[in-house]
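Noted in TrEMBL for the protein shown:
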| type | residues | note |
| --- | --- | --- |
| TRANSMEM | B:20-46 | transmembrane segment |
| TRANSMEM | B:58-79 | transmembrane segment |
| TRANSMEM | B:99-122 | transmembrane segment |
| TRANSMEM | B:171-195 | transmembrane segment |
| TRANSMEM | B:207-231 | transmembrane segment |
| TRANSMEM | B:269-288 | transmembrane segment |
| TRANSMEM | B:308-329 | transmembrane segment |
| TRANSMEM | B:341-367 | transmembrane segment |
| TRANSMEM | B:387-405 | transmembrane segment |
Ligand code: SF4
Ligand code: SF4
């Protein structure tokens, strides 16, 4: 081998081995986020404003590539009707994908229930979505860490790593998780992570014509959402599970389950 | 486009849109099969550790059976995963706050223990077989293969002097002593997987692991007795045909005597564990009714109303009470024991069913119900793996494995050489 050839191959070999080494530098997402420690995404739902039109549900499915006809959804709206005898009737036909087009309460295999106007004492709508809990039980139970909590508070699912055991689906006390019909991995709302990081609002909040949904940053005291959460009477769902949900509700009723 | 779970779930009243029966028949099979593994091992340890001499015969049998069941404990989980090819991720990224992940580690440990115990029990046999084949002047190609296999299985340990065998024996005792807590742990973890789901009102109890362990031992013993009886029947049949030709294999009478003796002894242990298991389950139910927290309303309607048949008639009645009486009545015959064991196995299966499916029978809203319709005809991959066909596949596999394992680890070794 000529000296020049030897040098050349040595250079190539060194370059060849050093390249993968540099490309393998570990990127810790926490470090990346440490650059922005003033972020904690929260969500505000105003039940007084929701009319149950279901635009948010449709918009969410478009935005996040969930087939529209799928009978599961990242976000949905529930209808509550309380009658004079104190009974609570609730439903959410197909997650209110088409809104509430029927007067009758949908009761699945039992058949619809008609309620006369004069029997109704109270009726309202409650939108639901993943609570991006501070102590998420879904993260706790995932055997492979495919479900994890980002430092800005949003709970994410790694689609390429989820084994599809469904433990997180069972572990979430809010029933927000399901299996993606195409990718066959755990699926749930992630506050439109791809949008909020570009400074945009979530698809559902944009689609809501009545301003019933808003996203905010808890670490920013001037954020209007944060101001509302701090200064008004807001509630969270199912506090008893110790998950510390971060979706706040205005006008939450104790009948809401 | 159907979403996972939609094919077999029917909803009634107010159920959330994403709620379906996600953990279906395979998740019933999963604790059932792991329970059999653990139970079979405990039965074999009764002899190896505590020296219950009467169980000698069935002990070796249950050890091999436990080994045959081992790979099958993971099979239902694999069939259930919607990404089965990624199953190994559990080992690559163990996430220890998850009970499933910890289960993987315990399972591997346990597999190593059973594997090495089996090796120590059968080392002498390996060496003898390999040596005998080696000394043969002419060997067929099949015998050559067998010789290679058995030489390999000795792992290079050819010493079968009494001193060496004594050491083997000690190792077996130690391994099975260590194995008992690990086996219990293994199944305790299966219970923990359910007990730790705080979102589920029926599963959420610290008793869950203990209940699972007790019923695991029950099912393991019952299965071993049953299989033992069946295998002995086959041997009796074979002995009847061969008796005329050779005198050195046990006669039908000898076999019958041994069989009745073993069955009677192990049935006694079965009874003890049955009492324990049933007491715990009833205690759990009574406690829930007594404390009657908010979820009791819906639990009561599931337990006493919707699932009454499954819980009180099939599980407690046919699966516990009837076999209990059958085993307790004096003059236990082999046939009666076989019937009782079959019923006990059915009862434990129903218990798993009632926990897993029953636990998903009500909605998180506490206002609606879900019904599970087991897919019978496998018209798609989904209905195959999570349907009757998949469950049968899981149920049959250990017997097929046992058949082949028996060629390497003959369970009825001793009497035949004696
Ligand atoms: S709402 Fe459920 S899925 Fe969302 S973070 Fe909380 S526990 Fe996890
Ligand atoms: S389904 Fe996926 S994300 Fe959920 S617990 Fe299992 S592996 Fe984790």
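Numbering starts at 1 and runs along the chain as displayed.
Heads up, the Cβ atoms here are built off N, Cα and C, so glycines get one too.
What TrEMBL says about a protein is an automatic prediction, not a curated fact.
Below 8 A, the CB atoms of the transmembrane segment (B:58-79) and the transmembrane segment (B:269-288) form no more than two pairs separated by six or more positions in the chain, fewer than 3 in all. Proximity of the transmembrane segment (B:20-46) to the transmembrane segment (B:387-405) is established through 3 or more Cβ-Cβ distances under 8 Å for residue pairs spaced 6 or more apart. Within the chain, the transmembrane segment (B:387-405) has long-range Cβ neighbours (under 8 A, six or more residues past its boundaries) at 8, 25-26, 28-29, 33, 36, 64-65, 67-69, 71-72, 75-76, 79, 227, 374-378.
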